[in-house]
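Written below as structure tokens is the structure these notes are about.
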Amino acid sequence: MLKLLQQYEYKIIYKRMLYTCFILFIYILGTNISIVSYNDMQVKHESFFKIAISNMGGDVNTLNIFTLGLGPWLTSMIILMLISYRNMDKYMKQTSLEKHYKERILTLILSVIQSYFVIHEYVSKERVHQDNIYLTILILVTGTMLLVWLADKNSRYGIAGPMPIVMVSIIKSMMHQKMEYIDASHIVIALLIILVIITLFILLFIELVEVRIPYIDLMNVSATNMKSYLSWKVNPAGSITLMMSISAFVFLKSGIHFILSMFNKSISDDMPMLTFDSPVGISVYLVIQMLLGYFLSRFLINTKQKSKDFLKSGNYFSGVKPGKDTERYLNYQARRVCWFGLALVTVIIGIPLYFTLFVPHLSTEIYFSVQLIVLVYISINIAETIRTYLYFDKYKPFLNQYW
């Protein structure tokens, strides 16, 4: 084992794995530091909302220092992405320090709003009146900023940024779910299992399949057997869209509650129109999922920059003029790819959610299946990241000559 670790081609990946494990150890330790005892928490029947929080690294079963998870940070990234979408050139010219400060300041503001909402919705009224609510908010905000810092450090020195934290949070949430006796026939149960397996295969298809757009490369005109192409994934945004859409939905609910509570202290915490027990709440979430997924995918593809790169290099698409025509052609192709991928993901997530409205006695099992699907999707992305680091091994014969 020691000899294996000493080989350079594996050294980077092992260092990153160890760093990620250390980050996860701190995260697990933090989730076990309770601010309020379990007996002082309100019992909520909206189980999927708790599951949604866990998909951002949070936990509302107990009020701990990492209860908010990465939700405020993901929401701040969404807001900044939408602001910069209209002028990507200006965004690309910003320094890392400028982006960092904007993200952190916005995360701080959103953390305060979401902390206020979580305390009033999940902590008993007696405990809220007894404790210093501002001190509790300060602890939650501090824990959130610490978790954001850990996720940022993992992006630089670990593997897959915030995804391992979210994956551990989902696993923890799945283990805490109480699976009661299933009041359904064996045919229905078998059908659910088959649907989950089919869904996982579709997600694997979405993640691994890519769309290739051939173009003429002026540097390789002599190589007739080598074709140049521009490749995009069917869902360019990947699993980060699921976390961001849940974060935006949670912030929407907490933001509306925060504003209404300023004018009416006796406002209901439940807001049934924005829950997953309501078709309106599910529809709002799916619309957010599609819109954010589309904007994030277009942001990552960045067709405007791609058209500029083609204009500078002299490469072109057959039958398409350079410049504005190339940009319009790429925009058309990008819209087709993004909407197709997002439609598949939205249908996969949406059908089980709507299904719980018709068979509420199977809601726990359906939510468990949805969480399993999200877990597999995130695991695929983490595996892709690890495989990228392992590509170094393929160049060993060449690099050893110069090392």
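Quick reminder: no glycine exception, Cβ is built from N, Cα and C everywhere.
What Swiss-Prot records for 17-37, 63-83, 105-125, 131-151, 157-177, 186-206, 240-260, 276-296, 339-359, 366-386 is transmembrane segment.
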Top Cβ-contact partner of the transmembrane segment (186-206) among 105-125, 131-151, 240-260, 276-296, 339-359 (pairs under 8 Å): 339-359
Contacting positions for the transmembrane segment (131-151) when only residues 6+ beyond its ends and CB under 8 Å are counted: 23, 26-27, 30, 35-36, 57, 63-70, 72-73, 104, 107-108, 111-112, 115-116, 118-119, 161-162, 165
For the transmembrane segment (240-260), distant same-chain residues with Cβ under 8 A (at least six beyond the ends): 49, 52-53, 55-56, 70-72, 74-75, 77-78, 110, 113-114, 116-118, 120-121, 162-163, 166, 267, 269, 271, 274, 284-285, 288-289, 292-293, 296-297, 342, 345, 349, 374, 377, 381
Highest-contact recorded stretch vs the transmembrane segment (276-296), from 17-37, 63-83, 105-125, CB pairs under 8 Å: 63-83
